Every structure is written in C-alpha cells, then in structure tokens.
C-alpha cells in the first residue's frame, strides 16, 4: 500500500504538490497574518520586562520631593524612584537644538543599551542618542554645551558613549515646549548640577502580577492628600517668609506709631503756640480797633487800619468843624469886643455921670451900664470859652496825633506779629505737610507691605495644590502606542482576510481531491476485484492527501509562525528600535487551520473514496458514462446562438456540461481575483485616509493647545478660530468634544460633509455633528438620540449631522448648544490657524508663552500618519503576494485538471485531424471564456470582500476609505487574465502530446 501511495504520488506529482502548496499557503497565510500581531505584542512585552521599563510615570506640577516619593512607595505595590529630566537647548559645533536630558540613577540607567563607548562615571559625562552619532556627526570625546534651562545648570558635557534608550521605541524623539518644539535626541548625564531641589518625575516599577490600572486608581484615590501635603511642604518656606515679613511689618508699624505720635505732639504744641500768638494778635487788633471785622489777622489789621483812618478822618473833620466854629466865635467875639470897646468910652463917661443924672436918665444910664457890663461879662465868658475850646481843639489834635503814633506803633507791632505768625503758620503747615507726607508714605509702605503679605497669604490659600499627571507607557515611551497599534492593525486584517484566503484555498483543495478520486475509479475497481476492502482502497487516497497535508501543514506552520511574522516584523523594525521577534508555536492559532485543511483534504479524500469504492467492481472498472448533453440558456436565444460557429457552440456546451467543475473553476479563479482586488483595494483604503483626512477634512495649518489667552503678535495669521475641547466617553469609546463659539466658522477649518453625497452639512441651525465612524459603531443616524459622558455625568443630544472623518471620534457643537446640554461654559483651550510664516519660527514664538502646551502643524501630523501607514506596506505585499501565489497554483491546478479530465476528448479531436494550433485554440477558447466568467464573479466577489475586510479590519478609532479604485480592479483582472493566458499556452503543449491509442481504448461490459 505504501509503495502504491508513493507510485500514485510519482504519477500525480502535480496534484500532490498542488495540494501541498495550497495547504501550505492556506495554513501559512492564515496563521502568519493572525499570529504576527500576537508575536509583536509578546516581543514588546518581553522587551519591556527585560529592560525593566517603568510601568507608570508620575509627574506633579509642584515637583516631587522625597517625602512624596516615600508616600507613593507606600501606596503602590512597587518602588517609586525620583528622576531629574527636562528639555534643554544645546550646542555642538554647528548643531543647535533641544535635547531631552536625563540624570543617571539606578532606574534611568536601565533605560540604556550601550552601542558605542562606555557609561558615564565622572561628573558632567554623558551618553548620547546613537541617532545623533549616525546622522549629526557626534563623536566620542565631543563636548556638548548645555544652555540654561529649568532643570539643569549650564555646563560643558563630555560625550563618553552612544546608546539606545527603551524610552524611544522608534526614530521619533517627541515634542517639547522649548524652542520650535522639535527634539533632536536624548542624553543621560552623570552627576549633573541642578537648578531645582525636587524631582521632575517619579517612575514606578510594579511588583510581578500587579495590575497597572489598579495601581493608577490607588494613586488617584490619594491624589488630593498627596497634592495637599506636597503643597504644604512646597509653600512652607513662602508661608514662613510671609510670617517673618508680617512680624517685621508689625514692628515697623509700632515704631512708626511711636515716631508719628511724637511728631503729632510736637505739631500740636506748635499749633497751641500759634493759637496763643493768634489770640495775642487778635487782642492787639482789638486794642487798635474795637470792631476789627471778620477774616484773618491781616484782613482784620487792614480793616482796623481802614477804620482807624476813617476815625482819624472823622475826628479831624470834627476838630476842623470845631476850629471853624472857634474862628467864627472868635470873629463874633472880636466883633462884639470892638463894638463893646467902641461903647466903653461912652459907658465910662456915663459911669462918671450916672450918679448925677436925674431919673429917668439915670435909670436908663444904669440900664445901659448894666447892659454893657453884662455884654462885657458875656464877651469875657465867650473869650474864656473860646480859649478853652481852642485849648481843647489843640489838645484834640495832639491827642489825635498821639493816637496816630500809638496806632502806627501798634500796627507795626501787630504787623510784625502777623508776619511772625504767618511765618510760624507756614512753617507749621510745611512741617505738618512734611509730617503728613512722611506719615502717609510710611503707612502707605506699611499698607503696601501688608497688602503684599495679605495677597501672598491669599494666593497661598487660594493656590492650586498642584496637578497630578499619571502617564502610562503609551504616554511616556515614544513609539510604544504606535508599535502596539500596528500590531492591532495587523491582527485586525488577520481576523478576516486570511479566513477568506483560506476559504478559497480549501475550496480548491476540495475540488482537486474530489476530481483526483474520480479519476482513480478504475484503480479502486482493481483493488476491489483483487479483494481489498473499501477501507484499504480509501487509504491510498487518504495516504496521498494525508502526506500532502502533513508536508503542506509543516511548511505552512513554518511559514506562518516563523517566515511571515519575521518578514513583516523586520519591515517594521526599520521604524522601531526593538529586539528580535519573539517567535514560536502557538497552538491556539494553529488548531483551526490545521483542522479545516485536514477535513478539506484528507477528510474529503476518505469520504469520497469510501463513497466510490462501495460501488460494484464492474462499474468501477469501466469509465463513468459521460453526462448527457443539455441545452444551455444561450441556445434559447436564436439571435445569438445561430450566429455562433460550431466550435464556439461546442465550447459553450462543454463549459456548462459539468456544472460542478464549472462552479469550482469559476469560484477558484474568481476567488483568487477577488483576493487580489481586495489586497490592492486595502492598500488604497489604508493609505488614502492620510490624503482624505489631511487634505479634505482638515483645512488648517496649525493647532495650538493652551490653558490661557495666547498672543499671535508678530505672526502672520490669515484665518483662525478658538475652540473649547473636552474628553468624553460614548459608552466605552473615547470621544473629543469640539465646541465653537462661532460654529458657522468651523467648516472653514474642519470640513463637515456627508461622505456619500459629498454635500456640506448645514450649520445654520447649530446642529450637533458626530463623525461617521462613531455613528457606524453605535448604529445611529441623523435624528437619533445619543448620549456622551463627561466625569460620570451623562448628556443626551439629538444627532444633527454625520460628518466624514477617518481618524478618532469627534462631536462638534456650538457653545450655545453645549451650554444648553451641560449648563456650563467650557473654557477655550485650542487654537486653529492658517499662516504663511515659517512653521518653526511660529512654533518657537508660540511655545515661548507659558500658557501654550503644544504646537503641531498639519504637515508634521500628516508625515507622522504617513510613516505609521507606511509600516503597513509589508503586510499589503504579503497579502498580495500570497494571493498571487495562490492564484498561480489554483490556475495551474484547475486548468491542468480540466485538461486531464478531457483526455479522451482531446485525443478524439486529434484523431479527427485537428492541428496542434487548432487543438490549442480549442482548449484556450474554453479556458479564456471560463476565465472571463471567473473574472466577472471575481470582480463582484472582490468588491464585496473588500468592503467586508475593510470594515472588519478597522480599529475603533480609525475608519478606512471604503472606496475601491477602478485601478485596483483593472490590475487584478490584468494579472489574473495574463496569468491564465500564460498557463493555458503552457498547458496547450501538454494537450498536443496526448497518446491517442491509450486515451481511446475501449472497455467491454
């Protein structure tokens, strides 16, 4: 039996090799694509473990002191190690830029894999990124000038080694807030001088088996306590300084109170003295004038002078009136005296004769003498009165002059007193002003100091106690997220495409085995006639297919577990700095393809051979009767059928005579064509999302993340918009909210349009727009209600539009809509802009502002995604290559078997006189028609398979382009058709070598 199996293999080596190769391709491709992602993750995990890479990094905005490290070590199941690191400007010859500087300690030393030189062992020695050695010309012994930065002091650092770091899994070196944002590389330094006395970060390496999320939650549960205590320790020097300042200020206030109290007392004494002087002057003025009038002293003295002058004038007028009256009296006196003297002689004469005069003359004479004497007495009295009045007038003038003298003396005295008083008052006022100014300045300084102290205390009281930043490996290790995302993408493709690929391979294997058993009916009849059991007859084919399956499976497993993963992984290693692939046999990935391939080859061989061998030996020893011819559908259309030549009619009837063979051939060739279409289509679907996302969807040049207002001074901004963003959840999906105050301007920066209709989404009524992949995952449409969650608070909204988008999930809404939903205003923290300026200069200007966290440009993001998608090239090449290889084997196998089945028919045609060219044309015609029909099926199958694979291969946060380019279809058709023509031409030579006598032997009943 074994010899018979070996002879069968030798006789039908092509079918044996075909089954072997198809099995190998099916198993290898199925396993290889699916296990590559698993192997990559296993490699990454081993790399992390062997490098003792941190599980978690802790950063705090106030820095991390030793007390906080001790607290953290008590909280988690592992050790917390403090690290000094930061970004700093450096210079080496003509190279200027920013480097990541890390201080060496027991933990950070584990990051390094030394490539050249030695590890630093003396102060200011550094080991530097090997990329800078390869691409920037850095050499051992060079001196790097480290410039001023926030963490390390300026220094000259000597390069003693070059290394790789486990913090950098690819060639990217991250972003920085320093300079233009680009980082040249890293360096680890020994005993570097620091500007700060607290660690910038803490690294955690957890105990074996510890759950990272659980450890993160533990730290978050203690966040308030950790931050509060860290703030207390950080603010203690400031608080003590404020307390000292308060005590000093209080002492100054007491001293000022004492000094100014003395000054105020002296001023009061001076005021009292001036008041006394003022009273004396007023009294003096009162002495000069009983009614000095209102006003100040000068006014009063002036008033007194005026009143005195008025009084003097009045007195002089009175005296002058008296003088006039005196003169008049004197004139009257003189006139009376003259009149009297003129009568005196007469009176004297009369006196002498009076006694002698008789009555009544005597009486008259005595009366006259008496009247004269009376007149004389009156004149004498008048004279006396006039003299007295004259004396009084003179005395009045003298007294008036005396009063003037006295008044003038008093006036001068008072005027001098007023001058002295005014001078004293001026001096007092100046002294008081100087006193008040000095007092005001002193107390203003004290109050200013008190205000500063109060503000300082208030700031301490209201100050943020610091913010905690918990960063896992995805956040800290450059390339870590991309590496594992690439493994997920490969595995996502491996979930669907290899299954379809394997399905086509199995279908062809099943067809091959079935036909092979049918061709061996006579041999099985001989075995049965010789007395062999049906089981023994079946074992020949089981052994044939089983050996092919074993060898094919072994080859396939080698390909699947070693060759394909290594090929794909090594292509990825161009971008990643990771160790050799962790390869090995994984039973869970091998079981399904081995079982299915076994059933489709060995199982089918056993079932089919058992079924055939149970027939009578006589029936088996003669060829099976050919199927009777049947009218085909085309014959029912005379307009076409009647115009066909005889040979074309024969070819068409032959095609449909054996419907099973026809179906298997169409499915086999068409399936391979569909696989090629899918392979080419996937390449476009994956690569084109970069163009779609960054050329069609995104319409801005740069994006800035900030926490306060930013300045765009000295930057040419042609168009811009401020947005508020917030992280949210829709069930288990990460979503970003984009909230715009001017929602109508948002489409100028992010195209909101329907992917199917290409129509822009109207923003006139402030709709809430979600991205398409989010809508697909949640199976929602416009008008449906969706819920997002922020900080465990859920908000429900109606979907107003579904926008084309390929990377990440977004919800776009206006500020008004957001306030209606949440009841709060979200602070703006994102700035989108277009600029014509140099991007590096713009980034440097923006990053120089403390409020700016990050600046990124569309070109950089596009390049990053292109690099990420470029890693997928090898996967596409493997898919297309495997599909093409399968197509070659399938076409060879199916066309060969089609010719083998029709051996007698070909011999008959040859006997009838067909020339080799005519015979080749006869065969080629049928196969070309069959291939064309297969291509029609393949195009349809490829289209739907492409759509299915694209959807199934997508990650949650990425939507591939669903468009299938006509060029992908054309390329697959051309390859399939050309390959079919080549194989048919080769097979035509075999048909021409048909042995007519052997093929046309007859068998008796």
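From the backbone N, Cα and C atoms, a Cβ is placed for every residue, glycine too.
Model, not experiment: these values are computed from the prediction.
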Tell me which range among 927-945, 946-964 TrEMBL lists as transmembrane segment.
927-945
Stretch carrying transmembrane segment according to TrEMBL (options 496-517, 628-649, 694-715, 716-737):
496-517
Looking at 662-682, 746-766, 767-787, 788-808, I want to know which stretch TrEMBL calls transmembrane segment.
662-682
Annotated transmembrane segment segment (source TrEMBL; candidates 440-463, 464-487, 584-607, 824-847):
584-607
The transmembrane segment (662-682): which same-chain residues, six or more beyond its ends, come within Cβ distance under 8 Å?
493, 497, 500-501, 503-504, 507-508, 511, 655-656, 876, 879-880, 883-884, 886-887, 890-891, 894, 898, 930-931, 933-943, 945-946, 949-950, 953, 960, 964-965, 967-969, 971-973, 975-976, 980
Could you please provide the mean pLDDT value for the domain 'ABC3 transporter permease C-terminal' (878-995)?
79
Sort out for me which stretch, of 874-895, 927-945, 965-987, has the most Cβ pairs below 8 angstroms to the transmembrane segment (12-33).
874-895
Same-chain residues at least 6 beyond the ends of the transmembrane segment (927-945) with a Cβ under 8 Å from one of its Cβ atoms are 500, 651-652, 655, 662, 665-678, 681, 895, 898, 964, 969, 972-973, 976-977, 980-981, 984
Please spell out the DSSP helix, strand and coil residue counts for the domain 'ABC3 transporter permease C-terminal' (878-995).
98 helix, 1 strand, 19 coil
